[in-house]
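Going by Swiss-Prot, these are the annotated features:
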- S161: active site, nucleophile (ACT_SITE)
- D185: active site, charge relay system (ACT_SITE)
- H255: active site, charge relay system (ACT_SITE)
- C240-C253: disulfide bond (DISULFID)
- C277-C288: disulfide bond (DISULFID)
- C291-C299: disulfide bond (DISULFID)
- C430-C449: disulfide bond (DISULFID)
- N73: N-linked glycosylation site (CARBOHYD)
- N137: N-linked glycosylation site (CARBOHYD)
- N151: N-linked glycosylation site (CARBOHYD)
- N267: N-linked glycosylation site (CARBOHYD)
- N358: N-linked glycosylation site (CARBOHYD)
- 1-23: signal peptide (SIGNAL)
Amino acid sequence: MIYRKIIWGILYVTLMLFDTHRAQECEEMTDLNFKDSLAGTSLKVRLLLYTRADPSCGQLLSHQEPFSNSQFNVSSVTTFLIHGYRPTGSPPVWMKQFVEFLLNRRDMNVIVVDWNRGATNMNYWQVVKNTRKVANNLTDLIQKMKDNGANLSSIHMIGVSLGAHISGFTGANFNGEIGRITALDPAGPEFNGRPPEDRLDPSDALFVEALHTDMDALGYRNLLGHIDYYANGGADQPGCPKTILSGSEYFKCDHQRSVFLYMSSVNGSCPIIAYPCESYTDFQDGTCMDCGKFKSAGCPIFGYDSVRWRDTLVQLEQTRTYFQTNKASPFCKVGYKVDIVSWNQKTHWGYLTIKLSNGTEETQVELNHKSLKFERFQETSVLAQFERDIQPVKKITLKFCPRKGLRPRKKLRLLHIRLTPLQNHLRPLCRYDLLLEESKDVTFKPIPCEDSNF
């Protein structure tokens with residue numbers, strides 16, 4: 001008995017020593033604080049390598065000899081994760097999970113570019129100046145990778161905020177031969193209105209994509225890539241605070257949402273379809289559902305898998321796309337194109353609420369982005385995006401609310417209504433001859449539409 005205890009004791013001590021040694025070898029992102037931001041920090045770039053061999057353990061790469069004593073495989077795909085401005089000095093809360101999702105998706109090198117010393121500074125303009133220096137540092141590493149047999153087309157740079165422009169500067173140093181740049185809400189301040197050489201642009205990589213979530217504040221407003229996604233119009237993300245009373249979340253929620261949206265695409269939680277469109281209003285009106293220029297591939301899927309549309313996108317002029325999301329994961333919504341023909345003698349204006357039910361579950365959307373116009377025998381179209389998929393749809397409830405200030409009470413007479421699913425190939429749902437009284441629910445059982453057109 002005593003020998004067994006001795007053996008177990010030796011094993012326990014050995015394991016503890018191994019864990020301690022491993023903890024000493026594993027590197028974490030630089031963790032600073034607000035005092036550091038007030039004092040300002042000098043730039044120091046640290047490169048942390050993560051692989052499937054030990055996905056939770058970051059290896060600090062030597063700038064001089066990055067491939068010695070490391071698990072770096074230059075023949076594999078390499079993804080760089082580059083953070084942005086860090087006014088409080090703390091590491092990004094999403095970084096570890098982002099690395100995990102990437103390594104779960106495929107075998108690759110993930111390099112976290114830790115430039116927290118240099119990004120932590122109350123002087124934003126000084127941080128902007130540092131972006132060129134970070135890009136030069138990464139250029140040196142990538143050149144070493146290339147010299148050791150790496151293919152530039154196998155490099156994917158994911159840049160958040162200022163990190164997006166760092167990716168662009170790095171790609172420009174290789175004449176756009178880097179495989180892919182993903183820009184997550186690229187920084188706007190100090191970059192809006194700048195010429196292509198002073199910001200990210202499509203020539204910086206073989207494929208450049210940009211996601212916009214805070215273009216009215218911290219993000220960039222205009223097109224930057226071969227394809228640009230404007231989530232929920234590119235500003236004011238659902239679930240984010242609308243007033244400063246919510247504290248720091250008011251400033252960072254919209255901007256940071258870009259990261260979580262892209263992470264969800266890497267994790268494959270649910271696909272988000274991006275519709276090419278000239279404006280968010282046109283998108284909401286349901287006039288941009290045609291993706292014929294992508295032929296059999298259909299509309300692009302936002303995120304990690306968008307590379308499937310690369311060959312078509314790089315041949316087109318810069319493509320602007322829109323989509324809507326839920327306020328939390330799963331972010332994808334389920335879309336229907338709604339077409340209505342009314343037969344009132346007079347023109348009516350108002351808003352619609354649509355509820356779908358399968359008998360046990362319900363999902364509802366309020367179409368209130370603008371007052372809809374209903375003219376006699378004229379088709380009114382709008383896009384309805386629901387929080388989740390309800391199948392089979394057994395009941396539909398409509399509510400019509402006239403535009404404020406219009407009296408007496410209105411009744412909207414529908415010759416027919418048609419709901420066409422956008423995410424699947426189910427047959428459109430119809431109903432004929434309905435009377436909607438002001439602010440009253442009208443529930444009916446839909447039927448398969450008689451033909452493909454009204």
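Heads up, the Cβ atoms here are built off N, Cα and C, so glycines get one too.
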Long-range Cβ list for N151 (N-linked glycosylation site), cut-off under 8 Å, min separation 6+ in sequence, same chain only, gives G179
Candidates S161, D185, H255 (active-site residues); nearest Cα to C277 (disulfide bond) turns out to be D185
Whole-number Å distance separating the Cα atoms of N137 (N-linked glycosylation site) and H255 (active site, charge relay system) is 26
One should report the C-alpha separation between N358 (N-linked glycosylation site) and H255 (active site, charge relay system), rounded to whole angstrom, as 36
Cβ-Cβ distance under 8 Å, sequence separation of 6 or more, same chain as C288 (disulfide bond); the residues meeting this, in order, are Y275, P276, C277, E278, D282, Y322
For C253 (disulfide bond), the nonlocal same-chain Cβ neighbours (under 8 Å, six or more residues apart) come out as Q237, G239, C240, P241
Note: in the chain of N73 (N-linked glycosylation site), residues six or more apart in sequence with C-beta under 8 angstroms of its C-beta are T51, N109
Across all protein chains shown, the glycosylation sites N267, N358 give the max Cβ-within-10 Å count at N267
